[in-house]
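Student: A single structure is presented below for examination.
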Amino acid sequence: MAVADTPTKLLLIVSGGIAAYKAPDLVRKLIAAGFEVQVIATSAALAFCTELSLATVSGRPVRTSLLDPAQEGSVGHIELADWPDLVLVAPATADLMARAAHGLGNDLATTVLLATVAPVLWAPAMNTNMWRHLATQANLATLSARGASFCGPDRGALACGWVGEGRMIDPPVLAAAARALADGGEHPELRRGALASAVGAATAGPPSADWRGRRVLVTAGPTRAYLDPVRFLSNASTGVMGFRLAEAAAARGAWVTLVAGPVGLDTPAGVERVDVETGAQMLAACRRAMNGEDGGAAVDAVIKVAAVADLVPERAATEKVDKGQVLDSLATMTWRSEVDILATLVAEHGERTRFLGFGAQTVDGQGSEAQVEARLVELGEAKRMRKGCDALFVNRVGVPDTGFGTPTNAGVLIFAGGEHRPSGPPRDKGELAGWILDELASAWWEAES
C-alpha cells in the first residue's frame, strides 16, 4: 500500500455497534496508511471502546459532543466538517445510516455529516436481517445517490451468533480501501458513490428500486466435465451476460449471490460470489443458497445463465492420459448426462421462487426476420416447458453480435402463458441486462403490489 508523503486528513466517525471495539486497531492501520486521524465517537460507541484508547492511538482528543462548551464557542462542529480530506464512518450502524439518509443533525456525528463537503466512506456493520431490511437498503441507495461510497459489509460470524452478511470489513482492508478512495484509485472492496459532485447529488433521486430487498441467485459462465486431471469438456460461454445481470440487480438494491463457473471476470460491486468448476459443484452451491445454508434469506428469483456441460464421464481418469492413448480412452469411457440445474431447482423450489432460464439456439437464417423470430420463440418455449421455469430468454448463437464471446446480445424473453417480448437489435450486454430486469420486474413484482 502506497503511503502519502503528506498525511491525508481523515475524520473517523465511530458509531455504536459491537464492531466499535475494532476502532483503535483501525486507527493504527489508517495512520500506517498515511492518514492523520481525528476521531468522533457517539455516546453508544463509547460503550464498546474507551475514549482514552481512541485518543491514545490517534494522538488527538476524541470529539464526542455537539454541546461541548470548550469546542462550540468557535462553532467546532463546522470546523470539524471543514477539516478532513475524507470522512470514514466505521462501524456504520443502521441507525446512523438512517439518520444521515434523512438529513438529521441531532448529534455531533450527523451534524458533521450534514456540513462536510469531503467524500464520505461508510463501513456498515449490523445483523444480517437489519442489513437486508428494505429501510436499510433504501437508505443505502439514498446515500449512494448523494455520492457516498461503501466498503462492506463482509460475510462471517456475527456477534449475535448468526453467520452471514453484516460484519464490518477488517481494519487492514478498510484502511487500504480508504487510501484508494483518497488517492482516486481502485480497491476490490470499494463501491464508489453514484454521483461525483454535490451539485448533481442535490437534484438526483435514488437509483431504480424495483429489485430492492429481493434476494437473487445468478449463475454464470461455463462448467467443466473433466476427462482426466488436465483435460475437460466445456463450452464457449464467457460469463459476461450473467455477470452483467448480477451487477444490474445489485445496483437496483437486490442482494445478489453469483455462482460462477471458471471465468476471468471481476466480481461486480455489491455481489457475493461463489466460484465453482463442475455442474455438480454449481448445483451444490445453488442448493446451499436456496436452502438458506449460507445464512441468507429466502431466494426470490433465480436467473440461470450458466452454460452447463451436457455430458460427464461416469469415471474420469485419475492420471493424465498419454497423448497417444486419448482416442482409445475416449472410446472406452461411459458417459451420462450432466445434472439439469434449472429443472432440478424448479422442481425443488418452484412454488415460492421465480425462475428465469437462458437458452442459446441456432436457427436457419433462411426466411424473413419474423419467421426466424417465430422459430426462435418455438424453440425457446419448448425449452421453457421442459425446464418448468417462469420465463426464458432465448438468443441465437452462430451469428454476429449475439451469443457467446460478443459484447452485445439480443433475443426474445418468453413468459409462461405464451407472451413473448423481443429485445430488439443487438445491444451492449449491460444495457440488455437492464432491459431484462425491467421486463421481469413488470411481470413479477408489479403484479404483487
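Each Cβ is built from the backbone N, Cα and C atoms, and glycine gets one as well.
TrEMBL does not curate its annotations; it predicts them automatically.
So TrEMBL lists these for the protein:
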- 1-215: region 'Phosphopantothenoylcysteine decarboxylase' (REGION)
- 9-148: domain 'Flavoprotein' (DOMAIN)
- CYS160: active site, proton donor (ACT_SITE)
- 216-449: region 'Phosphopantothenate--cysteine ligase' (REGION)
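For each listed feature, how buried is it and what is near it?
Tutor: Sorting the domain 'Flavoprotein' (9-148) by DSSP state (H, G, I as helix; E, B as strand; all else coil) yields 70 helix, 26 strand, 44 coil.
In this view, CYS160 (active site, proton donor) is surrounded by 13 other Cβ atoms within 10 Å of its Cβ, with every protein chain counted.
When pLDDT is averaged over the region 'Phosphopantothenate--cysteine ligase' (216-449), the result is 88.
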